[in-house]
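*Asks:* So TrEMBL has the following annotated:
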type: DOMAIN; residues: A:8-391; note: domain 'Glycoside hydrolase family 42 N-terminal'
type: BINDING; residues: A:ARG105, A:ASN143, A:TRP323; note: substrate binding site
type: ACT_SITE; residues: A:GLU144; note: active site, proton donor
type: ACT_SITE; residues: A:GLU315; note: active site, nucleophile
type: DOMAIN; residues: A:403-588; note: domain 'Beta-galactosidase trimerisation'
Amino acid sequence: MKRTLGVCYYPEHWLETQWADDAARMIEAGLTWVRIGEFAWQRIEPSRGQFAWDWLDRAVQTLGAAGLKIIMGTPTATPPRWLVDEMPDMLPVDTDGRVRKFGSRRHYDFSHQGYRTECRRIAGAMGERYGKNPHIAAWQIDNEYDCHDTTLSYSEAARAGFQDWCAQRYQSTDALNRAWGNVFWSMDYDRFDQIELPNLTVTEPNPAHVLAFRRYASDQVVAFNRIQADVLRKYTDAPLVHNYMGRITTFDHWAVGADLDIASWDSYPIGFLSDRIEGTPAEKQRFLRQGHPDNQAFHHDLYRAVGKGRMWVMEQQPGPVNWAPYNPAPLPGMARLWAWEAFAHGAETVCYFRWRQAPFAQEQMHAGLLRPDSADAPALAEARQVATELLDLPDVEAAASPVALIFDYESAWAWDTQPQGADFDMFRLAFAAYRALRRAGLSIDILPPDVSDLGGYKLVLAPGLMRLSDPVRAALSTFEGTALIGPRTDTKTDELSIPTPMGPNLPDVDITAALTESIPPTDEIALQDGGRFLHWFEHLEGKAEVFRRTQAGFPAIMGNVHLRYLGGWPDDETFDQIIRALCDEAGITTHDLPDGLRVRDTGTHRFVFNYAPEPLTWRGATIPPAGVHWEPLG
Amino acid sequence: MKRTLGVCYYPEHWLETQWADDAARMIEAGLTWVRIGEFAWQRIEPSRGQFAWDWLDRAVQTLGAAGLKIIMGTPTATPPRWLVDEMPDMLPVDTDGRVRKFGSRRHYDFSHQGYRTECRRIAGAMGERYGKNPHIAAWQIDNEYDCHDTTLSYSEAARAGFQDWCAQRYQSTDALNRAWGNVFWSMDYDRFDQIELPNLTVTEPNPAHVLAFRRYASDQVVAFNRIQADVLRKYTDAPLVHNYMGRITTFDHWAVGADLDIASWDSYPIGFLSDRIEGTPAEKQRFLRQGHPDNQAFHHDLYRAVGKGRMWVMEQQPGPVNWAPYNPAPLPGMARLWAWEAFAHGAETVCYFRWRQAPFAQEQMHAGLLRPDSADAPALAEARQVATELLDLPDVEAAASPVALIFDYESAWAWDTQPQGADFDMFRLAFAAYRALRRAGLSIDILPPDVSDLGGYKLVLAPGLMRLSDPVRAALSTFEGTALIGPRTDTKTDELSIPTPMGPNLPDVDITAALTESIPPTDEIALQDGGRFLHWFEHLEGKAEVFRRTQAGFPAIMGNVHLRYLGGWPDDETFDQIIRALCDEAGITTHDLPDGLRVRDTGTHRFVFNYAPEPLTWRGATIPPAGVHWEPLG
Amino acid sequence: MKRTLGVCYYPEHWLETQWADDAARMIEAGLTWVRIGEFAWQRIEPSRGQFAWDWLDRAVQTLGAAGLKIIMGTPTATPPRWLVDEMPDMLPVDTDGRVRKFGSRRHYDFSHQGYRTECRRIAGAMGERYGKNPHIAAWQIDNEYDCHDTTLSYSEAARAGFQDWCAQRYQSTDALNRAWGNVFWSMDYDRFDQIELPNLTVTEPNPAHVLAFRRYASDQVVAFNRIQADVLRKYTDAPLVHNYMGRITTFDHWAVGADLDIASWDSYPIGFLSDRIEGTPAEKQRFLRQGHPDNQAFHHDLYRAVGKGRMWVMEQQPGPVNWAPYNPAPLPGMARLWAWEAFAHGAETVCYFRWRQAPFAQEQMHAGLLRPDSADAPALAEARQVATELLDLPDVEAAASPVALIFDYESAWAWDTQPQGADFDMFRLAFAAYRALRRAGLSIDILPPDVSDLGGYKLVLAPGLMRLSDPVRAALSTFEGTALIGPRTDTKTDELSIPTPMGPNLPDVDITAALTESIPPTDEIALQDGGRFLHWFEHLEGKAEVFRRTQAGFPAIMGNVHLRYLGGWPDDETFDQIIRALCDEAGITTHDLPDGLRVRDTGTHRFVFNYAPEPLTWRGATIPPAGVHWEPLG
Ligand SMILES: [Zn+2]
Ligand SMILES: [Zn+2]
Ligand SMILES: [Zn+2]
C-alpha cells in the first residue's frame, strides 16, 4: 500500500471564500487527506435539533472537489453550551470533588447516560448525512480520549454506574467483600449502594476497590466509543478510527481498538518529551528539538497492534506547540523525519496538525503548516518533500519483527494503585525495556496481554504484567524462543492480591518472588559482573537455574533455557547487556548505534534516523541531524 | 520640597495613657507623619450604626497636638464580623471555589455591590467627622489592594458582575463569540448569563475569556477605590493616597492612580527579595539582609509615575518581617539606606512600619521602631539619623531622566494567561530590562502604556507590551531617540489573538515575528559576538536592517536607526552589552559599577548606594556596606 | 522484670482452621503476647446491636489455650459502614473543607459526640464480655491516634465544639478578644458562635486563634480516649494501653498517657527515616536499611516517660513496609537490633507487626514474620533469636540517666502556628538536641513540661519551650546541675503573644531576646572559636554573663553557672561541642562514637548498637552491621 499525507483543517475557523484556495494548496503540497469536523458541534447544531448542515455540506464539497479525501470527526469532545445547560450533571468531577466546568473541551463524563444518548444522536445525524458521501473516506470518533485526565470522574453519575458495575461483576456484597479483602479494616459493605468512589478517603483506599474503579472507568470509555461506532456503521462503510494520545494508560486501548478499523494517534514528539517522558536534564536537552528517539517508535508499534495492523498518525507536530511547559521549535528536518519514522513503522497516513495556525483561542501559539497570515510555515516544505519522496519510494510495509513486548493497561492501573515505590510506573518500565531493544537496533512488535500465539518471535519481553493471562501462560509453555519475564510479573491475582502459591507461576519453572523491595533513587542493587538494578528488586527463591546474581549473592535472573525471570529493574546500561546477551543466545543480530541513531526495518528497506543534534555515521554514510537514510534490505 | 519621615501607628492597640508619650517620642525622633485608622473599623463602629468616635477623636487630638501630621486610613480592608454576618456572600472565593473566610483581613469581594455601599458609608462617615480636621493632612483609602491575592475572586457576585461587564463591552454574544474566537472548541454562547468565570475548566479556558475576566477584575478595583475617593472628596481637600504593594500586577495601577493624588507603596526589601523576586541562590544570599538593589528603585520609579509625580513610601521595613519564608534582620544601616534611596527617587515621605512591634496577633514577629516592651529597636536610631540628615540636605527633587521604560499591566495579564513558556512573566521581563539600565548607572523614568510624548528621552525601552497603543505608536513615528522594543511587543490584538498582518507593527519598519519559541532553562540561543537569549526567541523576518544575529544566523535585533526590535530575552550580561551599546549611540553616559553599587541622580545631587555586604569604591571614595554617599551634580 | 516478645494477629483474616497452628508457631518462636481485635468492629457487630462474639470467643480461647497472653484492642479506629450511614456527619473534614470519606480507617471526628457514645458502647460491650477473661492480659484503646492527620478536623461538629470550648475557657468574648489581640485587624467577636475554625482564611489567621484550636483538638483526643478508659476500667483490671506513633505532636501525649497504664508505640524505623525525619540524602542513604540511629531511642525515652515508666513497642517493623515512598528491606539483623534497643530503653514488651503478611487490602506489601504463603519470613528467625537471648540475659531495667530533655507538645503547636522561619519545627529542634546527647554516648530521660523535680540530673536541656511552666521555673531556681535553655524558650505568653518584660524570664538571670531572626538554608551565623547557628538566631541582651559569642560579637550563650540560655540553633557539630563542654563541666562522661554506633546503659549492662552498614569498633570489640553488643556495667 502506498503511504499518504494529510492535514487537520477547520473550515468553520475561516472565511468560506478561503476554502477553495486552502484546498488547492493542500493538493499542491501533495496532501491526500483532510480531517474536519471534530470540534464543530455548535456550528453544526447551534441549538437543539436545529441543524446547520449547509456550511459543512459546502466545505465537504469544496475539499472533495479539490481531490482531497475527508476524515469526518464526530464532535462529541466539545458539547455545546446549550447542551450543558440542559444537563449540567454531565460535567465531570475531579478527584477533589470539584465540578470541571464548561469553557474548554472534553467537559463530559463518560458515565453520563444522558450524554451518551446525545452522542448517539449527533453521530447518527452526521452518519445519516455524510455516511454515503463519496468524499468521506474515514470517520474519526470523538477526539483524544482521556486527554486532560478525563477518563476518571468522581461524579454522581460515575458513582451510580460504578455501584451497578460492582453489582454485575460480584453479584453479592459477600462476594465483593471477599474479593477485595474488606475484612482488613472493617470495610465490608452490606449493600452495593454503600460503595463510594475511592477518592477523598482518610488514607489510601483498598487497592482492590481502586482497581475495580479503574476497570469500571475503562469500560465506560469502551462503551462510549462503541455507541458511536455502532450508529456510524449503520450509515457508512468507511473505516472508523479514533485518535489516541501518547502515554495514556487510563483506559484499555486494546478494548477500544477492537471496535474500530484503524488506530491512529497524535504524535507531538517535542511536547511529549517535555511533559510526559522521564529523562535526565541532559537527555532532555540533547533531544529538546527532536523529541525522544524512541517514544514515537513505541507508540507506532503499540497502535499498529491496537489497530490490528492498521495505524495512522492523525496529528503530527509541525512546529512549536502551545501546551508544554516550554515550546521550542523543531530542528529543521524533524517534520520530515517524524513522518518517515511513522511510515517505517507501518503508518498508512500521516496528517499534520494543523493546516493554518489559528490566530485565536487556546491553541493560537500552536504552529501549523501555514502561519496565521497564510504564509508558508517551515513545516510545509518538509511535508512537500515527504510527499515527493513517497512518490518514488517503494511501499513501506511493516516487516516481521523478531522481537516482541507484551503491554497491558490493567497492569498500569494495578501499579498506579499500588506502586509500592514512588517511581514505579508501568509505562516507564515497559518503555525502559522497549528502549533497550531499540538501542540494539531491533524492530519490535507490541502484543496484547491475551496474545495466544508467540510463534515467529525469537525474543519476547513481558515486564510488569500483574498476572500472566491464560493464553500467554499457555503460549509460554510451548515457546521455542526466549522470554524475559518480569520484574513484578505474575505476582498478583485478578483482584490485586497476592496469590498462594506466590508468583510468578511460570510453566515448568520453580521461582517464587518471596519479598519485594522498592529502592529510592539514592540506592541501587549491584549485580555481579557489573550492572545494577534501580527502583525495584525481588528476592527470588526456587529450584530454577540462576543465570545472574547480585553482588550480595541473591538471584537476579532465574529460569530455564526458554523462560527467564528478571528480578529487578535494570538501569539502561544493564538492560543493554541483558538484551544483547539474550539476542546473542537467540541468534538475533543487534547493532551498535551511536547515541541518537535509530534503525527500523520494513519489508523491503532499512530506515536509519538521526535524532541527534550532530551528524552521525551509519556504515560509512554520514547522516545529518534530523536526517533520514534508507537502504534496501539485503 | 523638603522630604519628611513618618510612621504607622495603631492607637487602638495600646493603652490610651501611652499615646502622648508615643507621640512625643515620634517628634523627638524627627518624624513628621503618623498613619492611623486603617484596620480599626470594629473599634470605630462596634455594631451597625453605633459609632465610637470618642477614642479616635482623642487619638487624633493627642497626635496632632504633639505636632504630628496625620494620614487617616479608611478601614475597609478589615470589615468587622457583624458586617460579614449580615452579608456572608461578600466573602471572596478562591480559584478552587472555596470561600475565603473571616479571620484575618481583606475578606471581601471587590465585585460585591453591598460591600461597596458599606465602604461608601464608612468612608463617608469618617470623611464627615475628620474631613476638615486640621491634623488630618492626608487620607489613605483601604490598604494594599490585592494583597493575599484578593483581586481575583470566583464568587457569585463576581460571576454576575462579569456577565454584565461582558454585555456592556460586547453588546451581543455574537460579537463576544467572534472577539474571543469561541468557534474554536464549540465554546459559543447564546446568552451572557451562560458565561462562567474561567476557573476549574477541564483544560485551559480561552485566553480571551481569561483576559476579559482580568480586565473586569481590575475594573472592579478601580471602581471600588473611586467610590471612596468620591465620597472623601466631598468632605476633605487633603490629598488621597493608596498604599500599593510590590510586584502586584493584577490590577491597573495607572487607572487607580488616576483617581488619587499621591501614589504610595509599602517597601519590604528583604521580604520581597525572598518571596517575589527571581534570583539565583547566590544572588539571594548576597543581598539577603539588604534586599534586591534594584527592586525598591523600580517601584519608586513606577509609583512616581502612577502618582503623576507624587510618590510616598507608606510602609518601610525597619527590621525583620514576619511573613516571608525566612526573616533575617537587615544589615545595620539599611533602614537608613532604603529611606535615602526613596528620597533620591522622588519620595516626599517615608513612613516606617510600624511604631511599636505588636506583641499579639499575626504580625507580632514584625519589627517596629520600638520593641514590644517600648525599648528602642535598632531602626529608630537610623530613622533619627535620616531625620537629622534631611535637615541639612538640599531638597532632593527628581531629576529629568534620559531613559524611560514603558510598563503595562494589561500585558502582565496577557502573559499570565498565555505565557507560552513556564517562566515568561511580564514583571520579570520589564525588571530584567530595568536592571540592565540601572546596572549601567542610569536614572530611569517609567511610563504608562498610553504615553503620547517621548520627547526628552534619548532611550526608551518597551519590552513585552502585548500591543503598542495608538499614542505610543504615534510617538514612536516621530521619535528622535532610540527605542528598544520587544521581545514579544505588539504581537497581539486587543482580544489577545494574533493580528494579520502579524506584529510587530512598527512605524516605517518592516519586521514580522513569524514564529516564537519558549526556551527551557537548559537551553539558550547563542548570539554572534557573544551573548545569548534565554526564555524566549522570535524568528524575525522582514526588510528592516539586521543589527545583530544569532550564531545560527537568524536576526536577533532588527530595525532602523530609531526603532530596534529585540527578538529574544537577553541574559543579564547580554542585556548589559545591548544597553551600553545603545547608550553609546544615543550619547548617554553609563557607569561601570561594582556588584551591589547603585547610582541615582536627583536634580542637584548624585546618590550612590552600597547594597553589597562588603565596602565598595565609587571614584576613590570607599562606601561601607549599607552606606549612602552623595555628591553635588555638575 | 523479664522482657517479652509478641506479635499482632488478625484471626478474622484467616480460616479458623489455621488459628491453632499459628498459635503453636508463635509459642515455638518464643513469643509471649498476641494483640488482636483492633480493626474488627464489623466482624464483632455486623449490624447495630447484632454481636457476633462466637468467632472472637473461639479465637481468644485458641490463642490463650496455646499459652499466649492476649492484648485486646477496641476497634474504634474502624467504624463500620452501617455506623457511618447512621450518622454521616461523624466523618472528619480536611483543612480544605472536604469530607474525608469511608473506605480506609480512622474515618471519624474526635469532636463528634454521637461517635463518642458509640465508642463507649462498643468498648463497654467488649469489656463486659472479656474484661475478666484470664487470657486477656492488656487492653489497647483505639489505634494510632492522629495517624493520617486525624487530630485536626474542620467539621461542623468541631466548630460547635470549639465554640463551646472557647466559651468555657474565656467566659466572655471580651476576654477572648483581649487574650487573642483581636483588635489587630478588627477581628473581634460579639458572640462565641461567630468564631469559625481557623482554616481557609484569606491570609494567616490569628496565631492565638490557631493555638486555641490546637489546644481544643488535643483536648478532644484526651476526652475520646478517657471515655473508653473509663468504661473499660469498670470491667477489667488489666492494664490499659494506647499505641502511639512516631513524630506525632498534634495532641498532648502526656495528657492521654495520664489516663492509661502503659504507653506503647509503633516503631517503623525504615519507614520513619524516609517519611518523617530530616536528613541529608547521604545520611538517609547510609541508614536506609537500618533507620535513623536515634529516632527509636528518642521515642522509647519519650514514651517511657509518657507511660510513667511503663513502655512497650506495640508494633515493630519486621521487614519492608508498604506505606513509605520507598520500601527497602531491613539489613539482616535489624529486626533483632531494634528489639534490643527497645529493651535497653526499658521496653517491657516488643510486638512485631504482624504475624502473617496479609495477601489482600491496603497493607498487602507490608512484611510480617510469615510470608503470605505461611513460609517463614526473614524476621521470624531474628525474633526467635531475641527470645532465646532473653532467656539468658539478666533483666534489662532502665538506668538512672544523668541527662534529661524537656519535651512539650503545646510548644509544637505554637511553632507550627508561628514558625517565623519555614524550617522551624519543635520536634526537629528537640531531636537535634537529643541527637547531640546521644552522639555523646549518653542515656537520656525525657521529661514533661510541668516536671517539678530535676533532682538527680546533672544536665537538663529545655529547647524551644514557648514558656517555662511554673514548676519548671521553680525547679530551675534551685537546680544544682547545668540547664541549657533555648533557643526560643520562654519567649511567649500562654496565649502566644510576646510578654512584657520580654523573655526569657529565668530565675536570677538577666537576659532578653530582643530581636529574633529566622535564617534561610543558604545562611548561617558563625560563632567565635568555630561553630555556627542555623535556622534561628536571637539577639540577646542583659547583664548575664556571656559564655559564647558570634563572630560579629553578639552573645550566643549567656547565663550563669547553672542556667545557660542558647541564642540560636546549633548545627550538629556545634551542638556536639556545646554538649561535650557542658558535660565536662558537669562531670558527665561522654564517648567518642564512630558514625552509627550508639550506646545505652541499663541498670546492669551497657548496650552498644551498630546502625552503620559496615563493622565498627567499640573498645576493641568489632561489632558487625546490625550488631548488638552488651557488657556488664562495672
Ligand atoms: Zn490534538
Ligand atoms: Zn502592610
Ligand atoms: Zn500500625
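From the backbone N, Cα and C atoms, a Cβ is placed for every residue, glycine too.
So where do these features actually land, and what's packed around them?
*Replies:* If you draw a 10 Å sphere around the CB of A:ASN143 (substrate binding site), it holds 24 other CB atoms from the protein chains shown.
When secondary structure is read from DSSP and collapsed to three states, A:GLU144 (active site, proton donor) falls in the coil class. Under 8 Å, Cβ to Cβ, and six or more positions away along its own chain, A:GLU144 (active site, proton donor) finds A:ALA77, A:ARG106, A:ASN243, A:TYR244, A:MET245, A:ASP266.
For the recorded site, A:GLU315 (active site, nucleophile), the DSSP three-state label reads strand. Long-range Cβ proximity for A:GLU315 (active site, nucleophile), meaning a same-chain Cβ under 8 A and a gap of 6 or more residues, is found for A:CYS8, A:ASN243, A:ASP266, A:SER267, A:TYR268, A:CYS351, A:TYR352, A:PHE353, A:ARG354.
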*Asks:* Say we define neighbours as other CB atoms within 10 Å of the CB. Which of the binding-site residues A:ARG105, A:TRP323 has the fewest?
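*Replies:* It is A:TRP323 that, of the binding-site residues A:ARG105, A:TRP323, has the fewest other Cβ atoms within 10 Å.
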*Asks:* Are any of the recorded positions A:ARG105, A:GLU315, A:TRP323 near ligand 1, with a Cβ under 6 Å from it, and if so which?
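*Replies:* With ligand 1 as the reference and 6 Å as the Cβ limit, the list reads A:GLU315.
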*Asks:* What recorded positions from A:ARG105, A:ASN143, A:GLU144, A:GLU315 have a chain B Cβ less than 8 Å from their own Cβ?
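*Replies:* Cβ contacts with B, in sequence order: A:ARG105.
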*Asks:* For the domain 'Beta-galactosidase trimerisation' (A:403-588), report the average pLDDT of the model, please.
*Replies:* 97
*Asks:* Taking DSSP three-state, what's A:TRP323 (substrate binding site) in: helix, strand or coil?
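*Replies:* Its secondary structure by DSSP: coil.
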*Asks:* What whole-number distance in angstrom separates the two most remote CA atoms of the substrate-binding residues A:ARG105, A:ASN143, A:TRP323?
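*Replies:* Largest Cα to Cα distance for the substrate-binding set is 17 Å.
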